[in-house]
Structures are given as C-alpha cells and as structure tokens.
Amino acid sequence: MNLHEYQAKRLLAEEGVPVPRAIPAFSVREAVNQARELGGPAWVVKAQVHAGGRGKAGGVRMVDSIAQVEKAAQELLGKPLVTAQTGPQGQHVAALLIEEPSRIARELYLALMVDRGQARITFLATREGGVDIEELAASRPEALHRVVVEPSTGFLPFQARQLGFQFGLDAGQVQQLTRIMQGMYRLAQRLDALMVEINPLAITAEGRLLALDAKVVMDDNALYRHPESDELFDSTQQDGREITARQFGLNYISLEGNIGCMVNGAGLAMATMDLIKLHGGEPANFLDVGGGAAADKVNQAFKLILSDTRVKAILVNIFGGITRCDLLAEGIIQAAAEVGLHLPVVVRLEGTRKEEGMALLRESGLSLITADGLTDAAMKAVAAAQG
C-alpha cells in the first residue's frame, strides 16, 4: 500500500527525520490558509498522488504570492495529474502539500528496501539525488552504495558513518545521516514497510540534511496488523475495480487493453497476458482468482471483468490443481445469469473435474468458445476481440 508524501513525511518526522515545514490541504481555501500559516515569501505547492514524475508533469510548483498559491490549487485539485508513471488516465489530485522552500546546496538519494535476493533489509544510496534510480542503476550501477542490515543485530550506527564519509559529509552531517537512517529503519519496522525512500535527501545551504520528498510502501500482506492503515489508505488513487477486488480477496490490476482475463495463479496469469500480446491483442486486466476459488469468488471476478466497458472479449484460463473446474463453471454460470453475458467468452479448462466443468457450461446454454491449449485460447480471444 502506497502512502502520500505528506503522510510519509509525518511518519518520518515522528521518528526524528528532519522534514521541511509543510501542511496538507484538501481544498483551495485550505491551501490559501495553510500558506498564510506557514508564512512567506514563497511556497512549494505539491500535488499528492501515488506516482513519481510530478515535477515534470506540472504537479510541483514554486510560487511567491498567496494569489499564486490559490491559482495553483485551483488548477491541481480535483483534476487528474498525468505523469510518466500514471498512464494516460492520470491520477486524481484530492490533496496538496503546501511547503516552505529550502535552499539546496546538494542532493542525495537514500532508500530502505527489502532485498528479497539476500533476505535482508538494505539501504540503497547515491550521491545523486532527485534522479530516476532505476535508470541510474541500469546505466551506472557503480554509483549505487548498498548497506545491508543483518537481522541479528539490526541497523548499526557505524554503517551510517561509513556511508557518510564515503559521500564526503562532515562530522556534523554524518551524525545527522546516522539519525535519519536510524529513523527510517525504525519506521520500516513499525509499519512493516517494503520501502522507505527519501529522494532527494537535501543538504541545505546551512549544512542541514532534510528529507525534501518521501515515499513509503507498506506490505499489503501485513496490513491486518496495522488498523491505522485504514486511515492512510486513499481510494481515489486506485481503480474502483481494484478496490472491489481487494474486498473479495482477488488480485486484480486494471490495464489498457480490451481482452478481459480470468486466470488462477499469478504465473499462469502473466503467461496468459504474454500470449495475448504475442498474438496481437492487449489484456484489459490482470486477474488471479487464486488457488482454491469458490463459485462466489469466481462470480465476483466475472462481474469485475464485465464492469469494464473497454472489454470486447473474455479469456478464462484455468488449470485445475487446487481449483476445481466444475466450481469455476458454476461461478461463470451464476455471473452470466446476474450480469447478462453479452461478450464472446473463450474458455480453456484443464485439470481437476475438467469434464464436469465443461458439461456444466454446455448444459447452461451459454454461447462459449472452447479452446485446446493456452496458445489456441489466446488466438481465439484475440480474434474474438477484433471481430
């Protein structure tokens, strides 16, 4: 679960990480009032969305009058912000962060993340802040510094000192960096976070280290341990179907194509989408109904797909290991009766109780296209969507 910048900064500040003075605003009037409370002569108005690239997209604005604060708030609030990470539909701006500007002498990058390869929490840092870290890792991996935290000891201060001196910080700044890294580590443990990122970590003209932007990602699998996550969750940043899917325990991600996919198992779902693209189609979604999907769960999954008006055809690809094909067939029949099936549906069933499932579908009177094998199913789905 992603958090907004203003939420991430508040949580970091609770752990002693220095952040600029800033106040969130949820209306134009609030934006003006918060700017007056902070005092001038200048402010930074930041759109709050779960996506990077806000600056290049016009979502971060430097202003030097209250009138300009009001104008920026009017232009941003309630509108979609399209960045390189959002897709063409953009993300809805429901909040702003009104922040005092900082005099920046130098920028660093610092992030804590879970390194699954090493099964360790790892700090990733570079002398170049404000950059696209993925591009830097690909083009100049030697510029990245890694600090691996041993689970038996936790994060130790000497690790921050080593990093600070490598970056050419003075003794006072190294002490600040140590406190910042300790705070990030405490926050990650407290929230079960997969990532705590500060980009950039600024060194101001006065020599202070300051978290100018922050990102926190909580582990969805640990949210049950964090009732406070309900207050942090922002439904405006997710597709409505994704929110519904989450309520029913389905793994759903909306995409840009017109072929709806219902598959059991994440790996099989990705392979299905790959084959659709290989044969000239575009998947409308990733949808994993899980290993032991019951009829009601499949019913809800089918409704999710049918609620997407872009979908022109549906591909159901089930390998019945834990999932019984006859239960899935019951879910399809139930959903078709409730929603009304008006699109071509390609069905590929293999495995447990396949024959019983296919018999149920045949006896239902539904107009279905059966497929032998995954390649055949993908080709038929693409043809159905195109014609």
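Each Cβ is built from the backbone N, Cα and C atoms, and glycine gets one as well.
Remember, it's a predicted structure, so these values are computed and weren't measured experimentally.
The domain 'ATP-grasp' annotation in Swiss-Prot covers 9-244. The ATP binding site annotation in Swiss-Prot covers K46, G53, R54, G55, E99, S102, E107, and the record cites sequence analysis as its basis. The Mg(2+) binding site annotation in Swiss-Prot covers N199, D213. What Swiss-Prot records for N264, G321, I322, T323 is substrate binding site, and it gives sequence analysis as the kind of evidence.
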>> Please report the Cα separation of R54 (ATP binding site) and T323 (substrate binding site) in Å, rounded to an integer.
In response: 43
> At the Cα level, what's the spacing in Å between G53 (ATP binding site) and T323 (substrate binding site), rounded?
Replying inline: 41
>> Tell me the Cα distance separating D213 (Mg(2+) binding site) from K46 (ATP binding site), rounded to the nearest angstrom.
In response: 10
> By CA distance, which of the binding-site residues (D213, N264, G321, I322, T323) lies nearest to E107 (ATP binding site)?
Replying inline: D213
> How many Å lie between the Cα of E99 (ATP binding site) and the Cα of D213 (Mg(2+) binding site)?
Replying inline: 11
> Any idea of the Cα spread of the substrate site, N264, G321, I322, T323, as a max distance in Å?
Replying inline: 10
> Cα of N264 (substrate binding site) to Cα of D213 (Mg(2+) binding site): how many Å, rounded?
Replying inline: 38
> Given S102 (ATP binding site) and G321 (substrate binding site), what distance in Å do their CA atoms have, once rounded to a whole number?
Replying inline: 58
> For the binding-site residues E99, E107, D213, which one has the sparsest Cβ surroundings, going by other Cβ atoms within 10 Å?
Replying inline: E107
>> Nearest of the binding-site residues to D213 (Mg(2+) binding site) by CA-CA distance, picking from G55, G321, I322, T323?
In response: G55
> Rounded to a whole number, how many Å is the Cα of I322 (substrate binding site) away from the Cα of N199 (Mg(2+) binding site)?
Replying inline: 44
